Amino acid sequence: MDERIISSETVDAEEVSFETSLRPQTLSQYIGQDKVKNNLTVFIEAATLRNEALDHVLLYGPPGLGKTTLAMVIASEMGSQIKTTSGPAIERPGDLATILTSLEPGDVLFIDEIHRLSRAIEEILYPAMEDYCLDIVIGTGPTARSVRLDLPPFTLIGATTRAGLLSAPLRDRFGVIDHLEFYTEEQLTEIVLRTAGILDTKIDDLGAREIARRSRGTPRIANRLLKRVRDFAQVRGNGTVTEKLAKEALTLLQVDPRGLDTIDQKLLHTIIQSFRGGPVGLDTIAASIGEERETIEDMQEPYLLQIGFLQRTPRGRIATETAYNHLGISYEKEV
C-alpha cells in the first residue's frame, strides 16, 4: 500500500523524531482534550499531595490524537521517569519481568498498543498493577517453585486504538480510563500555528485554518500537512503559507476540503456504485478496494463515521446522503 499523507499512523523514524520535537511538556501546553486534561490535573495533584503513585491510566482512541504525548506529559507533571514499550515488543513473560524489576519508585511505564499483549503477559500484569508484586517461577518440573518479588509503586499507562480488544480483567485494573476525541477545527488551527512557530515557518491564520480543516480532526495529520504545504510555500510561493497557497498545495496532494484522499473516495465510491450504497460487510469492502479490514476499521472508518459519511449497522456499512452529496452523486432514497 502506498504511503498516505493523511494516515494517522507514524510513517517512519524521521516523523517520530519530528513529533518528539513538538511535544508539550505540561498539561497547560497540551492543546485540546479539555475534559481529559481537567480530570488528570485533579488526579495528579491529589496523588502528589498524598505522595502516592498516580492510579493506572488507560488512554484509548483513534491513532494520532496524542496518547503517547499525553503519557509523556503525565510523567512530566508527576516529576517521574517514563519507560516506554509496546504490546508487540513484549513477547515473553521474561521481557515484562525485566521491565518491571527495573522500575524505580514513582516511575511511569507506558505500554503502547496494550491490546496486543498476550493473555500470559496480562496475567503477570495483574498482581503488578494491583499489589505491586511480581510472581515468577524458578526452575522446571517437580522442583519448580513460585517466588513473589515486591515492586516499587509505579503508574502503568496503557494506550490503545481498540479498547474493546482488552480483556475485562485487565481493563478493570485501570483506575483512570479516558477516551481521546477528534480535535475541533479551532484546536487544530492552534496546533498548526504552534508547530509553524517551532519550525520557523511563516503562516497566516487563514492558511493555518485551511490546513486544520483538512486534517481529519487529528494533530499528527495537521503537522504532516503543514510540513508538505511549507515545501510548496518555499518553492512556489514567497515562503509564507497563505489560505490560497494551502488550498493549491493540498489539492495537488489530493486531500480534499473534508480531508478525504483518493483511498477514502474509492471506499465511498465502491459502497455507492458497486453495492448501491450498502449495507455491505467490511470484509467485502476490504476485498473490493484492496485494503486490510483492520486498516479500514482503524484508519478510515472512525473519521468517516465522525463526519457522517458512513453509518455502521448490523447488516453492514451504509454510505449516507451526506457522502453522496460530497462526491457529487445523485442520492435516491429507497422507499
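Please read every residue number as a count from 1 along the shown chain.
Using N, Cα and C of the backbone, Cβ positions are placed for all residues, glycine too.
The ATP binding site annotation in Swiss-Prot covers L22, R23, G64, K67, T68, T69, E130, D131, Y132, R173, Y183, R220, and the record cites sequence analysis as its basis. A simple way to gauge crowding: the CB of Y132 (ATP binding site) has 17 other CB atoms within 10 angstroms, across all the protein chains here.
Residues within less than 8 Å, Cβ to Cβ, of T68 (ATP binding site) and separated from it by at least 6 positions along the same chain comprise T84, F110, D112, A159. In three-state terms derived from DSSP, T68 (ATP binding site) belongs to a helical segment. Marked as Mg(2+) binding site by Swiss-Prot on the basis of sequence analysis: T68.
Sequence-distant neighbours of R317 (DNA binding site) (same chain, 6+ residues apart, CB-CB distance under 8 A): I271, G278, P279, V280, G281, L282, I285, E301, L310, Q311. The DNA binding site annotation in Swiss-Prot covers R293, R312, R317.
Taken from Swiss-Prot, the feature region 'Large ATPase domain (RuvB-L)' applies to 1-183.
Among the features that Swiss-Prot reports, region 'Small ATPAse domain (RuvB-S)' is placed at 184-254.
Per Swiss-Prot, the feature region 'Head domain (RuvB-H)' maps to 257-335.
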Residue pair R293 (DNA binding site), Y183 (ATP binding site) - Cα distance, angstrom, rounded: 25
Using DSSP, what is the helix/strand/coil residue split across the region 'Small ATPAse domain (RuvB-S)' (184-254)? 51 helix, 4 strand, 16 coil
Would you mind reading off the Cα separation of G64 (ATP binding site) from R312 (DNA binding site), to the nearest angstrom? 22
Over the span of the region 'Head domain (RuvB-H)' (257-335), count residues by DSSP class, listing helix, strand and coil in order. 42 helix, 9 strand, 28 coil
How many whole Å apart are the CA atoms of Y183 (ATP binding site) and R312 (DNA binding site)? 22
For DNA, with binding residues R293, R312, R317 per the record, max Cα distance (Å, no decimals) returned as 14
